[in-house]
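S.K.: When I checked Swiss-Prot for this same protein, it listed these features:
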BINDING   Asn21, Leu23, Gly48, Glu69, Asp94, Asn120  S-adenosyl-L-methionine binding site
Amino acid sequence: MSNQNSKKHLGHTARKRFGQNFLHDMNVIHNIVSAINPKNGQFLFEIGPGLGALTEPVAEQVDKLTVVELDRDLAERLRHHPFLNHKLTIIEQDALRFNFREYFESLELKEGEGVRVFGNLPYNISTPLMFHLFKFHDLIQDMHFMLQKEVVKRLCAAPNSKAYGRLTIMAQYYCQVVPVLEVPPTAFKPAPKVDSAVVRLMPHKVLPHPVKDVYWLNRVTTQAFNQRRKTLRNALSTLFSPEQLEALNIDLNARAENLSIADYARLANWLYDNPPAVDNQEEIIDEDI
């Protein structure tokens, strides 16, 4: 089989720049839809419907579904779908730049209601897209995403592990994180070079460790995990003196992965009250988020 044919599915050639890998294993699809458990009357929103592997079985169970798709060819296919088109609201836009708050608020959600978001996310944008969605956690009931297996491990990680990092802390700050199922490369066309997994993210109704400004939580976790091999005495030296860390009950010889979310929230709130005179925001290194 030619390389071009191996990337083609249902007449559409996967586009590398969009990170497209199309799900086609019916058992996996069934298990994902069962995990989502869509119900009529719920507000369902799919990111990256692609060729409709999840769109079709979800839409069969509900009267309406909103999807956001960047690929104009795929959006056009959905507009002309033989039995879904009347159920779909299709937004042809980049999900990373989409104003979810404006759209979700336009739905006039009742108290206690939230949007149910799901999707087989392009792996090249999955982490920044989740960070984008966390901003709208108060309007979301839950999220079910297909991700790279290693990313799911990081989302679910506990302190004192290699997988524990900035992504862990920010995800668990906003959400309860539950792994759902693992998915082999053979479930996709073209097959990715990595294993995949599905995760459920359920935003907390009340944040367990609230911070006064999430900027400082981002700030302190970025600096700590960008230098995760250093002790916190050294990694956070531009933000805290050793005496200040000790006063906040932080072990000076601990490293970034040793602190809990509650510890980082305490550091963030102290920085909010005592911001450094000069705040040289460090560049975020993808491998540590």
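Placement of Cβ uses the backbone N, Cα and C atoms for every residue, glycine included.
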S.K.: Give the three-state DSSP assignment (helix, strand or coil) for Glu69 (S-adenosyl-L-methionine binding site).
M.R.: coil
S.K.: Taking the Cβ of Asp94 (S-adenosyl-L-methionine binding site) as the reference point, list residues of the same chain whose Cβ is under 8 angstroms away and which are at least six residues distant in sequence.
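M.R.: Correct list: Leu70.
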S.K.: Which one, from the binding-site residues Asn21, Leu23, Gly48, has the smallest tally of other C-beta atoms lying within 10 Å of its C-beta?
M.R.: Leu23
S.K.: For the binding-site residues Glu69, Asn120, which one has the sparsest Cβ surroundings, going by other Cβ atoms within 10 Å?
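M.R.: Glu69, out of the binding-site residues Glu69, Asn120, has the fewest neighbouring Cβ atoms within 10 Å.
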S.K.: Can you check what DSSP calls Leu23 (S-adenosyl-L-methionine binding site), collapsed to helix, strand or coil?
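M.R.: For Leu23 (S-adenosyl-L-methionine binding site) - judged by DSSP and reduced to three states - the answer is strand.
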S.K.: Using only the Cα atoms of Asn21, Leu23, Gly48, Glu69, Asp94, Asn120, which the record gives as binding S-adenosyl-L-methionine, return the largest interatomic distance in Å, rounded to a whole number.
M.R.: 20
